[in-house]
Structures are given as C-alpha cells and as structure tokens.
Amino acid sequence: MSLRNNMNGPEGPSRCCDDGCDGLKNTQAAMERLGMEETPGCEARTAGEVKVNSKRFGRGAVESGLTHECGVFGAISTGDWPTQVDIPQVICLGLVALQHRGQESAGIVTSEGKSARTFNTHKGMGLVNNIFNDEAMKKLKGNLGIGHTRYSTSAASEEVNCQPFVVHTAHGALAVAHNGELVNCSSLRKMVLGRGVGLSTHSDSELITQALCLNPPEGETNGPDWPARINHLMRLAPLSYSLVIMLKDKIYAVRDPYGNRPLCLGKILPLGSSFLMNGCAKNGVDDRAEGWVVSSESCGFLSIGARYVREVLPGEIIEMSRHGIRTVDVVERPADKQQAFCIFEYVYFARADSIFEGQMVYSARMQCGRMLARESAVDADIVSSVPESGTAAAHGYARQSGIPFMEVLCKNRYVGRTFIQPSTRLRQLGVAKKFGALSENVRGKRIVLIDDSIVRGNTIGPIIKLLRDAGAAEVHIRIASPPLKYPCYMGINIPTREELIANKMDSFKLAEHVGADSLEYLSVEGLVSAVHYNMKTNPSDGLGGHCTACLTGEYPGGVPDDDW
Ligand SMILES: O=P(O)(O)OC[C@H]1O[C@H](OP(=O)(O)OP(=O)(O)O)[C@H](O)[C@@H]1O
Ligand SMILES: NC(=O)CC[C@H](N)C(=O)O
Ligand code: SF4
Ligand SMILES: [Mg+2]
C-alpha cells in the first residue's frame, strides 16, 4: 500500500478558490494532462462547462488508485514532567506507521507544558524519515505533542500548507492537525473572514485553526473555554474531520459527529508490562499508563509500546492531560442521521493490522473476499491477488470457494511515482513495471484474480496482459468492492465521474476492454454485510453506520456548499 501513483508531484494539487488564484498553475497542468482546453482566469470555463475554479481540478491528476487522506497523531506523558517517555520519538514512530495515509509532507509540534508562548515545531515536504533527522528531533523536546502526515485535499502540496498549523492567540499557542475535508468550507471561510480574521492559506485545516481562535460572541468569563469552542466549531462544521488540537499542557482529540474519519486511543505502558512482553491482549488493561496516544489508526501502537484502548466516538471531545484522559463533551448528529464511517477505510485506505469498530481491517477484507466468492463463483485452478491491498480478500475468496490461493505477481516496491514518466505509453508501462509475473505459478492456469478496487481501470489491464504473456489459460477478475461511481467530498481524492471507469462501462464491457475472461464486482449489500460480519459496535446504538457515497451517491452530510 506504500506506492501511490500520484501525479501531483512536488507542486502537487492546489486550489483556485473563491478568494485567490494560487491553484491556477497546477490546474492548467492538470487540464493539459486531461486533454482539456484551458482558458485564463479563475472563473474561466472549459468546453465541457467545467469551472477552472472547481476543487476537483485543484487536486491535480492521478494515474491510478485512490489517493489517501492524512494521518494525525498525538501523545502526552502522564505524571510529573519530564518523564522517561520520549514524546517526540513516540510521535515520529507513530507518523511512520501512518505514512501510508499521506506522503507529501509531515510535521510535529511539541510543548514542554510550561509556556503558553513557545511550541517546538518542525515540518517539511516528503517522507517522515527524511524530515525528522537527529537535529530536528533534538529541537522537538517536549512532554506532549501532535503530528501530521499529509495528502493534500484543499490547498497546494507546499510547505506553507504543511500541518500541524500553529497560531498564537490571546490565550497562548494553539496547534491543530486535521484529517478530512470540510464539506461546508466555503461558508465557514466567509464567516471567519467576515469576523475580521485574515487567512494565510486556502487550507481548510488552517480555517479550522482560526475558527477555534474566534472569541465567542457571548464572551467567556474565566478565560477561554476550549471544549465549548470546539463544540461550537463542530456545530458549524459537522464533517469531515478527525482533529488533534494542542494547547500548552493539553491535547484535545476530536472526531466529527458522523465519525467519518477514523481516530483511536492508545495507552503507553510501562516497559515491563506483560502486554508488551508477551502480547497477550487481555494483559495491560490494568497497567498504569505512562502516557496516552491518539492516532488515525492503531497499526503503530505496538511499535511505540502502546496498547489499543478504543475508538474516539463520533462527536466525542477527549481531553488528554498529564493526569490522564477524560471525555469532556459529545456533540450529537441530527436525530435522523446515522454514523457515516468511511467504508473505504476497510476496502483500501487503512493498514490491514488496524482495528476499527472492534475488528481488524484484515478480517473485514477477508470477509469481503468470502462474500465475493458467494456472489460471483467461477471455475478456476487458483485464486490470486493484485498485491498489496487485494491480498486479504483473495484469501477470503480462496477459503470460501475451496480453490487454492497462489501468488502470481511480484510487486516492485521501489517503482516511484509515475508522474516523472512523460508519455502515455511510458506511464502505462509504469503500471506494468510495478509488477512481475511469477510465471511458473501462472503457466496453463485458470486464475481468479482479486483486487480491492477499480478506479480508473489503468492497473488491471496491463496486469492481465502480463499474466497472459506468462501463459495464463484464463483470467477472471473479481473486485472486492462495488463499482466506484461518485466523487468523495470528505477528504479522498476520487477522480471526476468522467474519469471513473465504472461510469463508462458495465462489468461485461470492462471485461472486454481489459482483456479478462470475466469481471465481477462485490455488491454494495455484500460489502456492507461483510463489514458488519465481525463488527463489535451496534447499529442500534447509533454506531456502525457507514458512508458509501462514492458507491451509491448518497452523501451523509449533503454535497459541498462551494463550487466543485
Ligand atoms: O483502477 P486504477 O485507477 O488503476 O486503480 C486501482 C488500483 O489502485 C490501487 O492499488 P495501488 O497500487 O495504488 O496500491 P496497493 O499497493 O495498496 O494495492 C488499488 O488497490 C487497485 O489495485
Ligand atoms: N487528506 C486530508 O485529510 C487532508 C487534510 C486537509 N484537508 C489538507 O488538505 O491538508
Ligand atoms: S465517499 Fe467513499 S471515500 Fe469518501 S468518505 Fe464516503 S466511503 Fe469514504
Ligand atoms: Mg492495488
């Protein structure tokens, strides 16, 4: 899951928005790549009546797959500061574990807990390991801190938009890291600007940061009431976000009322903890906490000596201090609305060892494969997968069908982004070059090949050709998610409807187009029931609902109020 064919490049996606034009250069490049006519100015339109100032263009062009979201992380040590827990190191390792969620830039901000004036900040473009060298880590000394790894959805992939954002308020410094995208960004932006606040970027994450700084119209009697300010923001902007917000000596962990983006809590255990020594899940529950962490995903917890505790609930505001953690508020959704956790976290985004809703992502993916085998059986000699994220579903398909699993593809993890390859031919080769066929496993075989998703349809065709060239007798494609037909407004870079191959052809035509003997998708009902199969949360508690908008067109919080 580490390689994304992201064509954003160092200039990355940028947004030409209602009050600025900084996205135009990249917008034009994206248009050229898409073969569209360019007209000057923010309000210019293409022949197809697509506005240049739409966010969609602002994100730049991508060759294949869905590009990710972001990873947020926070850590605080408990007890008398300073303690033995190396908070900057914990955050850095936490971000490395979240690297698959965003590879454009990363940042860490720490506080020693004493002064409301000074935070230690280090941010940069690129991968976590390249940004945080020894010198940077020394500078980040602190007892609490937050971190971010970014895939941009609003505002360019540039240093100025790297997170966490830090602002200095009348009540001290404030730092914010955000995963998600504000659906009503435009109206909130107008509101904040209308209150006399200047914004220095087009980032919705900076907007959140500044909105938190606004003094409430009714005033505050005993200094700032941060939970009340957060609550107020959540009512103004109900989705989508998971936030970590740092003040001098506290962190607030916040998940939007729809629970659209993931966020979970972990407890840093003493080094001698039996849980860390033998990994037994029931141990560690009663161990004293040496600190607390909050993270987009739980996959990195063991690597930092932490134990997964639970998810942050939709709408919950958790305060983390040196005394421990406590829920300070829960902001409700409208009564008629379900939780809308992104179902694509299960399909593709999250690391397979992360836990959501009481189940491991890997188990949900396997269950999708089982369901797919029930819905779309085929006679074959072997079941195989497109690595990486198709593999768990392929194992599920194999178990359900009784057809043995065998690897047929080797993935070269060192193939870089395809944006450096100029021509269509070379870019297409780029997809094929990512994989090699295990020819002895392939020759003469009837293969069921499982992938997690088809987006633009650029990956699967060259792979089928590779397998046929290696002697495959038949190649049947089974996709462990339904056809992707609609854009996402909640932090995922899903292409335009026109670019999504499922809007151009049904599965029969697509099979023909990519050279498969057959091609079938998992149904929406099949995906939802596979995800529900091992889930521990209960829909009757208002939990366990999922966003399927990119599959069904039913958006949990409506469509954006600005111009997409
Ligand atoms: O239809 P397309 O637009 O070509 O994209 C679909 C492919 O993109 C993703 O894989 P990717 O190689 O990005 O990551 P992975 O290694 O996690 O599978 C996804 O798993 C599909 O294989
Ligand atoms: N992918 C994300 O979650 C991005 C967060 C935020 N919208 C940004 O562009 O920085
Ligand atoms: S539209 Fe799709 S990718 Fe976006 S939040 Fe919903 S399920 Fe996730
Ligand atoms: Mg893939």
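Glycine is treated like the rest: Cβ placed from N, Cα and C.
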Among CYS299, CYS368, CYS488 - the residue TrEMBL places in the same [4Fe-4S] cluster site as CYS342, CYS547, CYS550: CYS488
Candidate from SER389, SER507, SER518 that TrEMBL assigns to the same Mg(2+) site as ASP451, ASP452: SER389
Contacting binding-site residues, sequence order - SER389, ASP451, ASP452, CYS488, CYS547, CYS550 vs ligand 1, Cβ under 6 Å: SER389, ASP451, ASP452
Non-site residues, in chain order, whose CB comes within 8 A of the mean position of the CB atoms of SER389, ASP451, ASP452 at Mg(2+): VAL347, TYR348, SER385, VAL386, GLU388, GLY390, THR391, ALA393, ILE450, SER453, ILE479, ALA480, SER481
Sequence-ordered recorded positions from CYS70, SER389, ASP451, ASP452 with Cβ under 6 Å of an atom of ligand 3: none
Residues satisfying Cβ distance under 8 Å from CYS488 ([4Fe-4S] cluster binding site), sequence separation of at least 6: ILE494, ALA549, CYS550
Per DSSP, three-state class assigned to CYS70 (active site, nucleophile): coil
Among CYS342, ASP451, ASP452, CYS547, CYS550, the binding-site residues whose C-beta sits under 6 Å from ligand 2: none
Candidates near ligand 4 among the recorded positions CYS70, SER389, CYS550, judged by a Cβ under 6 angstroms: SER389
CYS342, CYS488, CYS547, CYS550 excluded, remaining Cβ within 8 Å of their centroid ([4Fe-4S] cluster): ASN260, ILE343, PHE344, MET490, ILE492, ILE494, THR548, ALA549
